[in-house]
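Asker: Handing you a structure now.
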Amino acid sequence: MAELLRSLRDSELVARFQRRCGLFPGQEASGEKHVVKNYFYYYLFRFSAALGQEVFYITFLPFTHWNIDPYLSRRLVVIWVLVMYIGQVAKDILKWPRPSSPPVVKLEKRVIAEYGMPSTHAMAATAISFTLLISTMDRYQYPFILGLIMAVVFSTLVSLSRLYTGMHTVLDVLGGVLITAVLIALTYPAWTLIDSLDSASPLFPVCVIVVPFLLCYNYPVSDYYSPTRADTTTVVAAGAGVTVGFWINHFFQLVSKPTPSLPVIQNIPPITTDMLVLGLTKFMVGIMLILLVRQLVQNLSLQVLFSWFKVVTKNKEARRRLEIEVPYKFVTYTSVGICATTFVPMLHRFLGLL
């Protein structure tokens with residue numbers, strides 16, 4: 001078993017996979033970082049890697065909420081936040097390095113400072129695809145086998161992309177998928193409780209804000225700076241904001257309550273041009289409002305924190321300090337989550353888009 005685990009952590013195994021897919025190291029003399037000999041795999045896995053980025057989920061999840069089903073978006077957000085937090089914390093506790101280069105070709109630079117085990121891309125893709133499958137199979141009429149195939153294909157492509165881009169070993173990816181499977185199995189009995197959180201007591205929003213903030217502020221200390229803490233705070237804060245937004249909607253009766261998951265079984269309506277135009281319009285309106293709120297709250301929170309800690313405003317390094325980075329990220333993305341679930345639907349209704 002120990003020998004098998006060592007082989008799965010071997011960087012050469014990743015390098016062989018890259019070469020089989022037509023990706024080779026470049027020539028140092030010519031200044032080439034890498035050589036691509038199969039552009040089908042290159043664009044396939046680069047696109048698949050993008051499907052595992054936070055940017056994709058920050059757009060996909062609001063689109064699901066505004067255009068498909070708030071009930072689904074709530075479950076997806078909660079599970080996504082859970083697996084991302086556990087995955088990110090596990091990285092900084094285990095501190096397993098990413099594949100070595102050479103022999104591996106690394107195509108991404110932003111997260112290169114992060115540790116490798118487990119792959120949070122693989123975790124997020126597995127969590128989103130299979131939570132979506134489990135949550136819709138008793139809610140909408142569609143061939144289950146088709147949904148299963150789509151979930152497997154999506155999670156597999158994102159997982160393989162982490163090998164192709166040279167960011168994870170095979171063990172990192174398998175570990176991420178396995179951890180997610182265990183988390184889904186353990187939390188599944190509580191999913192109905194998650195669906196009723198918006199009817200909780202007035203103290204509920206306080207807990208939803210305070211507990212996640214403390215988790216982010218007491219994030220494991222790394223040996224050097226990496227974007228892991230900032231990314232984790234972004235995800236957790238967005239999830240806290242979404243949860244508070246659902247509570248606000250229920251408590252103040254701002255929107256109608258989502259229909260229960262059972263025993264309602266709905267037919268998936270045919271996609272028409274009018275539906276696409278309406279969906280894209282709602283999405284663009286929502287994204288513009290979110291970006292505006294994000295920019296305003298971020299600037300305001302940074303100004304307050306810089307003034308409080310007597311830091312020069314243009315000092316970019318100061319943003320990385322714990323007492324500045326976590327509060328401004330948390331306040332910014334909590335506001336984004338509340339805006340997405342509360343104010344955007346109100347704007348949609350005001351504009352006659354609902």
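Positions of Cβ are set from backbone N, Cα and C atoms, glycine also.
Per TrEMBL, transmembrane segment is recorded for 40-60, 72-90, 111-134, 140-158, 170-191, 203-221, 233-252, 330-351. Taken from TrEMBL, the feature domain 'Phosphatidic acid phosphatase type 2/haloperoxidase' applies to 74-188.
Quick one: where do these features end up spatially?
Answerer: The DSSP breakdown of the domain 'Phosphatidic acid phosphatase type 2/haloperoxidase' (74-188), given as helix, strand and coil counts, is 78 helix, 2 strand, 35 coil.
With a threshold of 8 Å between CB atoms, the same-chain residues lying at least 6 positions outside the transmembrane segment (111-134) that come near it are 49, 51-53, 57, 60, 72, 75-76, 79-80, 82-84, 87-88, 90-92, 94-99, 147-148, 150-152, 154-155, 158-159, 161-162, 167-169, 171-173, 175-177, 179-181, 183-184, 188, 224-228.
Long-range contacts of the transmembrane segment (140-158) within the same chain, counting only residues at least 6 positions beyond its ends with a Cβ under 8 Å from a Cβ of the stretch, are 44-45, 48-49, 51-52, 121-122, 124-126, 128-130, 132-133, 177, 265-268.
Same-chain residues lying 6 or more positions outside the transmembrane segment (233-252) and placing a CB less than 8 Å from one of its CB atoms are 54, 58, 70, 73-74, 77-78, 80-81, 84-85, 88, 197-200, 202, 204-205, 208-209, 212-213, 215-216, 219, 325-326, 329-342, 345.
Beyond the ends of the transmembrane segment (330-351), by six or more residues, the same chain brings 62, 65-66, 70, 209, 212-213, 216, 233-246, 248-249, 254-255, 282, 285-286, 289-290, 293-294, 297-298, 301 to within a C-beta distance below 8 angstroms of the stretch.
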Asker: Grab the same-chain neighbours of the transmembrane segment (40-60) for me: Cβ-Cβ under 8 Å, and only residues 6 or more beyond its ends, written as numbers and ranges.
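Answerer: Long-range Cβ neighbours of the transmembrane segment (40-60): 21-23, 80, 107-108, 121-122, 124-125, 128, 154, 157-158, 160-162, 164-165, 231, 234-235, 238, 287.
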